[in-house]
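*Asks:* Okay, these came from TrEMBL:
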BINDING   Phe23, Gly25, Gly27, Glu67, Ile254, Lys256, Gly258, Ala296, Thr299  Ca(2+) 1 binding site
BINDING   Glu298  Ca(2+) 3 binding site
Amino acid sequence: MATLIAPSNHSSAEDAEALQKAFKGWGADDKTIIAILGHRNVHQRQQIRKAYEELHQEDLIKRLESEISGDFERAMYRWMLEPADRDAVLANVAIRNGKKDFHVIAEIACVLSAEELLAVRRAYRHRYKRSLEEDVAANTTGHLRELLVGLVSSFRYEGDEINARLAQSEANILHETVKEKKGNYEEAIRILTTRSKTQLVATFNRYRDEHAISISKKLLDNQASDDFYKALHTAIRCINDHKKYYEKVLRNAIKKVGTDEDALSRVVVTRAEKDLRDIKELYYKRNSVHLEDAVAKETSGDYKKFLLTLLGKQD
């Protein structure tokens with residue numbers, strides 16, 4: 001379930017005028033900006049952007065970039081983009097950041113549906129005049145390249161059918177791959193990049209039943225510092241249970257010495273209209289602290305107010 005609290009009806013023209021007033025004078029009225037844009041769904045935000053441009057001959061996103069700054073500006077910029085365009089930007093940032101962010105590519109590719117991922121690839125091509133696959137391939141090597149290019153190129157079947165015999169045989173292949181860095185990497189990549197998510201979950205369950213440990217825990221135990229295995233671990237976690245994956249991303253972002261604002265913003269902004277309420281519940285169960293309280297403690301200013309608004313916290 002979503003955490004976003006948005007009105008069922010609103011006037012995009014009135015919102016556009018209120019935002020224009022908020023930009024006037026010395027320094028923007030950030031409270032008004034958050035009160036409006038932090039309470040509008042994606043369709044409403046696009047209507048406001050269109051109305052603002054028609055009324056003021058100016059792109060609202062560009063105006064926001066000039067009026068606000070820092071973590072607040074970065075989070076707001078991503079919030080204002082359509083989901084496919086936002087994920088295209090996140091993928092590009094991850095590619096440019098290199099080794100430390102390659103897992104974000106796997107995250108995007110494995111959490112989204114086949115149609116959503118296709119939309120991201122289209123948005124990426126439109127925005128950067130290159131394909132996502134091309135940029136991933138140009139910035140990676142070896143098995144990591146094969147895995148990430150395969151994941152972003154995938155168009156998975158989304159039915160519920162399961163082949164139990166296939167799950168058994170492919171659980172064995174994955175076991176050989178993670179066992180002391182030996183095995184058939186190409187086969188493991190083929191399995192992860194082509195099978196339906198339902199079939200893969202059956203394979204991961206079979207692995208756990210056979211070896212009394214989940215494949216994601218086994219990867220974490222054995223290969224923590226290897227880029228390929230990190231991306232493999234992310235892909236498996238996102239396919240298996242993306243909500244638990246996001247809870248851990250939030251936990252790591254908040255407990256880090258110096259909060260990881262990029263990771264925190266990425267999860268809150270991308271999941272606020274989807275399943276952030278479920279992720280919040282998982283966070284509380286795991287940490288005995290409400291996510292809103294943890295975010296409030298580790299952030300400040302307008303950035304804090306904006307994140308708390310998207311988390312559904314009422315004034």
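Each position is counted from 1, following the chain as shown.
The backbone N, Cα and C atoms fix where each Cβ goes, glycine too.
All annotation found in TrEMBL is predicted automatically rather than curated by experts.
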*Asks:* Tell me the Cβ contacts of Gly27 (Ca(2+) 1 binding site) under 8 Å, same chain only and six or more apart in sequence, or just say none.
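*Replies:* Result: none.
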*Asks:* Round to the nearest Å and give the CA-to-CA distance linking Ile254 (Ca(2+) 1 binding site) with the residue listed as 'Ca(2+) 3 binding site'.
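*Replies:* That separation, Cα to Cα, works out to 7 Å.
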*Asks:* Please report how many Å separate the Cα atom of the residue listed as 'Ca(2+) 3 binding site' from that of Phe23 (Ca(2+) 1 binding site), as a whole number.
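*Replies:* One finds 28 Å between the Cα atoms of these residues.
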*Asks:* Taking the Cβ of Phe23 (Ca(2+) 1 binding site) as the centre, count every other Cβ atom within 10 Å, in any protein chain shown.
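*Replies:* There are 19 such Cβ atoms around Phe23 (Ca(2+) 1 binding site).
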*Asks:* Hey, what's the Cβ neighbour count for Thr299 (Ca(2+) 1 binding site) at 10 Å?
*Replies:* 21
*Asks:* Of these binding-site residues, Ile254, Gly258, Glu298, which scores lowest on Cβ atoms within 10 Å?
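*Replies:* Counting other Cβ atoms within 10 Å of each of the binding-site residues Ile254, Gly258, Glu298 gives the minimum at Gly258.
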